[in-house]
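Pulled from Swiss-Prot:
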- Y30, F33, K67, S105, R106, R186, S196: RNA binding site (BINDING)
Amino acid sequence: MDEYQKIAVEFGEQAIDETVIQDWLQAFAYQGFDARTIIHNLVQLGGKSWEEDAKKMIILSLTRGNKPKKMVERMSPEGAREVKSLVAKYKIVEGRPGRNGITLSRVLQPWLGGQSKLWKWLKTSYQSQGAQWTALCGQTYPRQMMHPSFAGLIDPSLDQEDFNAVLDAHKLFLFMFSKTINVSLRGAQKRDIEESFSQPMLAAINSSFIDNTQRRAFLTKFGILTSGARATAVVKKIAEVYRKLE
């Protein structure tokens, strides 16, 4: 046995400290952004106008997506100037932001549960119509589910069957949305497409920013859960559509 083989054998025979391993697992686990930090940064960078600016960014996120550089190419000069001003003021980034980076989608997240009224009049925009998802599942797809940030409202303390139904119904949107915005995924296998959105989705679900009681209240208000905290029949049917996709 040479020196390196000996090192390998000795390493493999070392005792495992489960407490230390668990600490490492928690330290190295994927973490999404902290919504509290996003709010703090908005207030600090925006001063007195941060609330008005946040509303503008929420509208942009819901109607035009998460990529300011691309959206200004097809926008009125006035609108383009406003977007560029917001990008500069709040240091808005796109692509792969760091944990504390501000994106349009992240600005939406802290207030997603309170934005239900927006969906009632944002009916002509690409992301709020939902025609392709409704046509695909044969049900009226819940508009509140039609944004990646919705995962932050899914209550992980629901009964497993109902949690899975809400999760899989939302995955149908994420699946179709991912193929729409990422050309390389359009011919990909279902598992590969799901892998592309699973980490941020799970991070949002496991976030502590909105507690489970409040999440459940939002889901009930949106008609995604019944008053008894069960997934509605529509949500269950949509979930089945996703499960049958190949």
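A Cβ is built for glycine as well, from the same backbone N, Cα and C atoms used for every other residue.
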So if I draw a 10 Å sphere around the Cβ of K67 (RNA binding site), how many other Cβ atoms end up inside it? 15
Please give me the CB contact count at 10 A for R106 (RNA binding site), counting all chains in the structure. 25
Just counting, how many other CB atoms are there within 10 A of the CB of S105 (RNA binding site)? 23
By a simple count, how many Cβ atoms lie within 10 Å of the Cβ of S196 (RNA binding site), its own Cβ left out? 16
Please report the three-state DSSP label of S105 (RNA binding site). helix
So if I draw a 10 Å sphere around the Cβ of R186 (RNA binding site), how many other Cβ atoms end up inside it? 10
